[in-house]
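Student: What TrEMBL shows for this protein is this:
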BINDING   B:Lys105  NADPH binding site
BINDING   B:Glu190  L-homoserine binding site
ACT_SITE  B:Lys205  active site, proton donor
DOMAIN    B:354-437  domain 'ACT'
Protein chains: 2
Amino acid sequence: MKQVNVAIVGYGVVGNGVGKILDTQKELLKQKSGVEINLKKVYTRNWNKTFPHPIEEERRAKNLDEILNDENIDIVVELTGGIDFPYNLIIQALDKGKHIVTANKALLAEKGKDVFTKAEEKNLRIGFEAAVAGGIPIIKALREGLVANEIKKIYGILNGTTNYILTSMYKEGKSFSQALKEAQEKGYAEADPTLDINGTDAAHKISILSSLSFGGFVEFSQVYVEGIEKIDTLDIDLGRELGYTLKLLAIAKSHNDEVEIRVHPTFLPSDNPLSKVDGVFNAVMVEGDNVGETMFYGRGAGSFPTASAVVSDIVSIAKSIQLNIGKEIEITSMNWKHKDLNLTKVKDFYTRYYIRFTVPDITGILAKIASVFAKYNISIAAVIQKEKVLKLQKMINEKVVPLVILTHTASENNIQQAIKEIVENHYSIEDPTIIRVEDEE
Amino acid sequence: MKQVNVAIVGYGVVGNGVGKILDTQKELLKQKSGVEINLKKVYTRNWNKTFPHPIEEERRAKNLDEILNDENIDIVVELTGGIDFPYNLIIQALDKGKHIVTANKALLAEKGKDVFTKAEEKNLRIGFEAAVAGGIPIIKALREGLVANEIKKIYGILNGTTNYILTSMYKEGKSFSQALKEAQEKGYAEADPTLDINGTDAAHKISILSSLSFGGFVEFSQVYVEGIEKIDTLDIDLGRELGYTLKLLAIAKSHNDEVEIRVHPTFLPSDNPLSKVDGVFNAVMVEGDNVGETMFYGRGAGSFPTASAVVSDIVSIAKSIQLNIGKEIEITSMNWKHKDLNLTKVKDFYTRYYIRFTVPDITGILAKIASVFAKYNISIAAVIQKEKVLKLQKMINEKVVPLVILTHTASENNIQQAIKEIVENHYSIEDPTIIRVEDEE
């Protein structure tokens with residue numbers, strides 16, 4: 001039986017999980033898959049700290065060349081951060097004939113085209129199950145389990161940090177900054193949580209899922225992204241009254257030749273299964289033409305859940321090495337349409353909207369705002385006007401009230417024009433809060 | 001490019017779905033997977049009816065030999081009912097060197113050992129994604145995506161008919177017979193719903209999931225099964241008061257060398273994600289040592305959802321045929337432990353219990369019942385005693401009340417002994433209703 005040798009580059013939280021599984025569950029993996037997998041080398045910049053799963057001296061690589069030039073290493077597991085360093089590493093490893101397993105969503109979303117093209121040239125495999133939704137085997141489901149479907153829509157909660165924050169705002173009435181602080185204390189948010197909070201991380205992940213599902217690469221810089229930094233508990237409460245739960249949703253829909261991809265705070269009907277995904281959990285809803293709606297739920301981060309996904313890729317690649325097969329074993333290859341995807345422009349988004357204006361408490365304002373909506377062909381589904389007097393910081397003495405309008409499906413372009421007109425006419429004394437609503441009619 | 005030829009045996013609801021996908025989505029499948037798949041022959045006993053996806057004369061097989069003896073047919077898709085007929089068909093097809101795809105859970109649960117052993121001898125593959133939870137790719141998840149896990153527990157809602165009935169009892173207060181009638185009218189329950197209602201169908205499915213997850217075959221006749229025929233809305237309502245939702249759950253847990261498998265009506269905490277799976281949907285929760293809890297949700301039946309699973313197996317096998325590989329491509333083979341599984345005996349079940357007694361409305365009965373529980377070391381977690389007078393059919397004039405006891409974890413053996421003593425002493429004037437509770441402490 002051929003042994004398959006693996007090297008890990010980047011030995012942090014996930015790396016230690018992978019190391020531990022490979023070392024301690026070797027027998028289980030062999031029993032199940034018939035392949036013997038050895039962790040031969042590990043590289044990290046700094047060995048001078050304690051590791052949850054320590055690596056003995058002989059297996060510590062002094063430099064990357066020790067891995068790249070070792071002909072017996074079959075698979076390089078890339079678990080570093082950033083983009084440039086892992087990009088160079090992966091390209092070099094592919095050039096040396098090594099298969100790749102990576103958990104790096106930023107790299108794949110931003111430079112995936114180069115990396116997958118290179119792998120195709122070399123007939124080598126790139127495993128990236130761990131790059132999206134941690135331990136949930138969603139990549140495999142899209143590539144294989146749902147192969148008999150034209151994917152119509154994928155949407156989901158792909159970032160645990162923001163879901164933790166929104167859950168504690170919804171359930172415990174915390175403010176955004178209180179909830180973020182608590183998430184940091186519990187280790188669910190990083191010291192610098194920017195890429196989670198501003199939606200970039202979820203956008204990386206939905207780009208990868210889109211490329212795979214819709215068969216071509218996404219130009220990441222064109223993806224529409226909005227974070228949760230400005231979310232006010234007031235909107236969470238008003239949305240709840242309307243029957244909605246607020247989530248940071250990543251959404252990709254295919255229509256005709258275009259793919260509409262967007263990441264933003266979204267109101268979902270409270271009885272949608274995703275509305276009930278709380279805390280750090282992730283969940284992805286996939287709609288296929290044959291299967292209908294399916295949902296995949298689990299831990300989207302953490303040492304062992306993510307390592308579970310990394311090791312499933314290692315086993316799959318090890319199996320193909322044992323059988324002397326390369327990339328051709330993959331059931332759905334990335335870029336199977338062999339073209340880039342056209343993204344829908346923001347002005348052409350077409351969805352429902354929750355809009356909260358801050359209006360002076362005087363007669364006739366609702367009529368004026370409603371007439372602007374009518375002018376732009378926007379149909380109103382529900383209105384909430386509260387008697388409660390809000391004390392806004394900038395005009396503490398003026399009597400103002402929140403006015404919420406829930407629209408039927410409308411175009412983003414019309415919404416933006418209507419809002420511009422409403423603000424210019426001072427019907428709303430503040431820029432309104434706009435939250436898109438995912439609730440098909 | 002080698003073409004792969006497929007024959008379907010059994011052309012009902014699922015067969016027509018498979019036929020349609022293979023005929024109309026051929027190009028999509030080829031684009032994604034690089035394999036060209038032809039539906040060459042279809043066999044059904046009776047061609048004298050109209051089919052949603054009609055098959056022209058040339059592709060209609062007159063008899064099974066026309067398929068079995070055709071050397072160009074690579075894969076036989078078995079979509080008939082029953083056990084003996086499909087068993088003989090599959091064994092013959094394997095003998096002729098053909099791979100198998102089947103949606104037949106009864107066959108695999110009851111004769112899987114023979115069938116998989118035969119396939120192993122012949123180095124042929126058996127795809128059975130469609131046998132469990134319809135379009136949800138749970139078999140693939142267990143075999144491949146979660147390969148790096150020791151599976152600790154699998155539990156889920158594996159039968160859409162019973163879930164539809166329980167949902168309408170819970171949400172609309174319908175009686176069991178009203179809900180069943182409605183399910184039949186809507187086509188969610190068959191004219192003879194016995195195998196769904198009495199739990200057999202869910203038991204077949206959990207047996208298959210157990211064999212795969214725990215690495216050995218289950219002796220199906222030993223699996224504990226209880227149906228929903230006797231469920232009273234009174235218990236659904238009382239459970240709700242205690243924070244529980246009633247589901248027909250299929251449960252498999254591994255401990256030491258044993259696997260505990262049981263199918264029965266079960267109270268789940270109302271905030272468990274499975275409690276929110278309503279109507280005909282299925283969902284499976286899998287707990288792995290590394291990944292933690294993951295859930296897979298979708299449509300468990302229906303023409304196209306099930307066909308989606310069948311076709312994913314066809315594509316996977318077609319790919320291996322194209323690469324000249326057999327069974328060795330499979331990442332986790334059935335029976336990877338190469339032994340049969342030992343099932344935990346009913347008396348050794350260890351769980352929480354909801355027990356509803358019907359007691360005369362007199363002082364001291366609760367104390368007497370509680371002392372019997374104490375005698376058998378059963379610890380009580382909650383009690384509900386209702387003032388409401390129940391009119392039981394058999395003793396319409398006697399004043400009796402329901403008394404519900406929720407226990408902490410206890411052994412089935414102790415529970416049965418305690419109940420026997422309580423009934424013998426006439427503390428309960430009817431046999432109590434016992435519902436197991438899945439809520440770990």
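Heads up, the Cβ atoms here are built off N, Cα and C, so glycines get one too.
Any TrEMBL annotation is an automated prediction that lacks curation.
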Student: In which DSSP state, out of helix, strand and coil, do we find B:Glu190 (L-homoserine binding site)?
Tutor: coil
Student: Looking at Cβ-Cβ distances, which residues of the chain lie under 8 angstroms from the residue listed as 'NADPH binding site' while being 6 or more apart from it?
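Tutor: Looking at Cβ-Cβ distances below 8 Å from the residue listed as 'NADPH binding site', excluding near sequence neighbours, one finds B:Ala131, B:Val132, B:Asp201, B:His204, B:Lys205, B:Ile208.
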Student: Quick one: give me the count of other CB atoms within 10 A of the CB of B:Lys205 (active site, proton donor).
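Tutor: The Cβ of B:Lys205 (active site, proton donor) has 26 Cβ neighbours within 10 Å.
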Student: Find the average pLDDT over the domain 'ACT' (B:354-437) in the predicted model and report it.
Tutor: 88
Student: Using all protein chains in view, find how many other C-beta atoms are within 10 Å of the C-beta of the residue listed as 'L-homoserine binding site'.
Tutor: 13
Student: Work out, from DSSP, the number of helix, strand and coil residues along the domain 'ACT' (B:354-437).
Tutor: 24 helix, 29 strand, 31 coil
